[in-house]
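A quick write-up on the structure given underneath.
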Amino acid sequence: MTHPILISPSILSADFARLGEEVRAIDEAGCDWIHIDVMDGHFVPNITIGPAVVKALRPHSQKPFDVHLMISPVDPYLDAFVQAGADIITVHPEAGPHIHRTVQHIKSLGVKAGVVLNPGTPAKMLDYLIDDVDLILVMSVNPGFGGQSFIENQLRKIEAIRKMIDKSGRDIRLQVDGGIDLNTAPRAIAAGADVLVAGTATFRGGQSTYADNIRQLRGG
Ligand SMILES: O=C(CO)[C@H](O)[C@H](O)COP(=O)(O)O
Ligand SMILES: [Fe+2]
């Protein structure tokens, strides 16, 4: 199944003092999804935003909110993020005791469910999840911060997961997150990714550059 390439800017690199305006700006600049990085200072060494901020941002765009949860335990917070306006929720298998149950729970809330693999987590982890997920996210940096360098060997993992998805015959998006720029984006796409998360590469240069940045990342 071939999908168009989607761009999901990570608002981690936006101006947090003007977050609503920044979300409107990337929406108007032509992004496809809006990637929201939720960090708890426990699962990852950084703290960002919670459901109240997601709810406050919701009126600023109708595009899908792609919520990447880097919190542990993750299960107690799923309902709150859906109520706040998440459309897609991605979870790390290490963030709770029963990843299959977590995926089922997300889907029961009526939103799309994704599983995220850290750089050190093998593709094999997906063997018994691929029948249920809507999205698989390959982290090409260790989670916690924007602006890190792309870890090259994750291209091999993207290739392996692309084969797994194609073999499954299911409609699953393959997303890559971390260090995506004009050099790494085409290589991630060639390896099989079809959703690119980009924080630094979207927001650099200020609002007047967002549309160009997004278009170039898409390969246009
Ligand atoms: O999940 C993340 C970090 O944990 C971010 O989405 C990611 O790092 C995006 O930032 P950049 O494009 O600047 O690398
Ligand atoms: Fe992310």
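Here the Cβ of each residue, glycine as well, is placed from N, Cα and C on the backbone.
Of the listed candidates (His3, His68), TrEMBL assigns His68 to the same divalent metal cation site as His35, Asp37, Asp177. For Gly146 (substrate binding site), the nearest of the binding-site residues by C-alpha distance turns out to be Asp37; the candidates were His35, Asp37, His68. Checking the binding-site residues (Ser10, Gly144, Gly179) against Asp37 (divalent metal cation binding site) with a 10 Å Cα-Cα cut-off leaves Ser10, Gly144. When the alpha carbons of Ser10 (substrate binding site) and His35 (divalent metal cation binding site) are compared, the span between them is 5 angstrom. In three-state terms derived from DSSP, Ser10 (substrate binding site) belongs to an extended strand segment.
For ligand 2, the binding-site residues lying close by, meaning a CB under 6 A from one of its atoms, are Asp177; the full candidate list was Gly144, Gly146, Asp177, Gly179.
Counting every protein chain shown, the Cβ of His35 (divalent metal cation binding site) has 28 other Cβ atoms within 10 Å.
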